[in-house]
């Protein structure tokens, strides 16, 4: 019997502010295989005990409110409440704690990332007893994973569709991202694909603006795509951005892309929303389209170290909602610690089973069972001289996405694409021959230059 229930049974109902820890802090609780587990970084206001802070998070993100209410007696709090079952201080940080919270599975609608986030990262983030709150990680139980379709196709099916194996895929974002006419945009797409890239991409800013309406862009990009395929004998793709102001308009664009025969569409899953994203992912599976996901707006959520949500949580949510690719940044030139953290959530995107590893920021063991994997897209300021490191770090199941690193070539777009492809194939060949790309990468690229513009 909970403390609140005991109070009503023994001395009657008493109104007033209650300490959350009386009901929601349960250090003796043994987590269940069906619980959703969350690790929160809590920065409390001064003078509030850690147990009360952790319990407040559990309460306000599940069944609790600031006082006991009459209707508590009409349900079973012990069955439905979230529980803060462990609290630990954050090493090297003053007045920060990791609070572990377990949520019963019955609190969440099946197959709905929207509902899951509404509860776990909803109003609790504005709770005035906390100076800051960050969701570091989630453990999604198998029972909940199985209620999601996940990625429309997954890594192996994509490779089979493209008939491309044994190397990373190459992409390029068309620049300038705004201002080109549809015909000139299609010309750049053709030159990049003809030069040797596997994919080109709409920038996330490109939807349907006065200078280039979506239907015109789709038509010219499809023409460029099929022309490049015919001339190279390779399957090509262009990420046609279907993101729109309404779900109905988004679906209309996806349907038109399918009717054109293009293999892949794109969605901005954070600005578009998880409900729209899951709807599009279901359509893509049913109709044979691959789905590329951009993460525009992620830094608003994940950039602060003590407030918001870590990108590994957004990555897990995307795998559940559905997407075949997602941008994951790049670790080239970063500190080793950041590299480990990045590769931690890359593994959470690709692998079926990931062990707990706090050194890589993974707070819980995650079993995805049969949910397909997502290909991480390495992008942001990369060029051919990064190719050895990118090949070694991200491996074959990745997309290496260049923008200025292709279109900024002094000889033009097509030579830029050729340079990317030559550098990639040289690095893959050197790796397969047993050469150390970390030590010899620059030499490998220099040797390949004689075959490339």
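Just so you know, glycine gets a Cβ as well, placed from its N, Cα and C.
On a predicted model such as this, the values are computed, not experimentally measured, just so you know.
Copied over from Swiss-Prot:
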MOD_RES   3  N-acetylproline
MOD_RES   14  N6,N6,N6-trimethyllysine
BINDING   123, 173, 177, 295, 327, 379  substrate binding site
ACT_SITE  175  active site, proton acceptor
MOD_RES   201  N6-carboxylysine
BINDING   201, 203, 204  Mg(2+) binding site
ACT_SITE  294  active site, proton acceptor
SITE      334  site 'Transition state stabilizer'
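On the backbone, the CA of residue 295 (substrate binding site) and the CA of residue 201 (N6-carboxylysine) stand 14 Å apart. Taking the recorded positions 175, 201, 294, 295, 327 in turn, the residue surrounded by the fewest other Cβ atoms inside 10 Å of its Cβ turns out to be 175. Cβ neighbours of residue 204 (Mg(2+) binding site) (same chain, under 8 Å, six or more residues apart in sequence): 241, 243, 268, 294, 296.
For the recorded site, residue 295 (substrate binding site), the DSSP three-state label reads coil. Non-local neighbourhood of residue 177 (substrate binding site): 203, 205, 206, each in the same chain, at least six residues away, with C-beta under 8 Å from its C-beta. In this structure the alpha carbons, written CA, of residue 123 (substrate binding site) and residue 201 (N6-carboxylysine) are 36 Å apart. Around residue 173 (substrate binding site), the C-beta neighbours below 8 angstroms that are at least 6 residues distant in the chain are 200, 201, 202, 203, 379, 401, 402, 403. Each residue contributes its Cα atom, and for residue 327 (substrate binding site) and residue 175 (active site, proton acceptor) those atoms are 17 Å apart. Fewest other C-beta atoms within 10 angstroms, among the binding-site residues 123, 379, are seen around 123. If you draw a 10 Å sphere around the CB of residue 203 (Mg(2+) binding site), it holds 18 other CB atoms from the protein chains shown.
Taking the centroid of the Cβ atoms of 201, 203, 204 as the Mg(2+) site, the other same-chain residues with Cβ within 8 Å of it are 173, 174, 177, 202, 205, 206, 239, 241, 266, 294.
A helical conformation is recorded for residue 123 (substrate binding site) in the three-state DSSP classification.
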